[in-house]
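Enquirer: The region 'Disordered' annotation in TrEMBL covers 1-31. What TrEMBL lists as compositional bias 'Basic and acidic residues' is 7-31. Annotated transmembrane segment per TrEMBL: 48-72, 137-157, 184-201, in sequence order.
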């Protein structure tokens, strides 16, 4: 065997070692099965309707107890001690700041909801929990921080909606023209933002891009 053949053999061996050094290590967890974006068979399961009933009863009790705390206001000498503040700030109803356009307000609601929903998916994803089980991460912490950041960014623009139910309740109670004129933004924005976050996380972040990358690398190295 010539010196050139020996050098070529050593180079091939070193190349093989480099490849194995960069090959992905075996996973110490099992990936959960993929969850469909829209689970239509769930509509036929009793657990789905049981969850709806539980949410309905919990919300009913919460509102009933809240109303009980103010139900005697008619017998009080001063029913509303801060009526001027209530009127000045629109009763907490969401409206677009006149300094911003409707498009800016809609975009703020879409982006704010996207950030919040994406954070919820990232913090509660069972695949992440399995992969990073050794990393202590409290899901409420990043979710609460996302809500805080979204409020800081969108309060000057829309008063921060990102929740159609909350926006609708405040609009009903205040019942003035301006909140109702802008009200559609606080339904369209959160729905679009939530749908975009769900699609992005399901189709992009969990699309198995790492597996595809290593599969391509293995083919190239073979």
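Cβ atoms here come from the backbone N, Cα and C positions, even for glycine.
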Enquirer: Any residues 6+ beyond the ends of the transmembrane segment (48-72) with a Cβ under 8 Å from its own?
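Expert: Same-chain contacts beyond the ends: 42.
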Enquirer: Could you tell me what the rest of the chain brings near the transmembrane segment (184-201), counting residues at least six beyond its ends with Cβ under 8 Å?
Expert: 37, 94, 96, 102, 105-118, 121-122, 125, 158, 161-164, 167-168
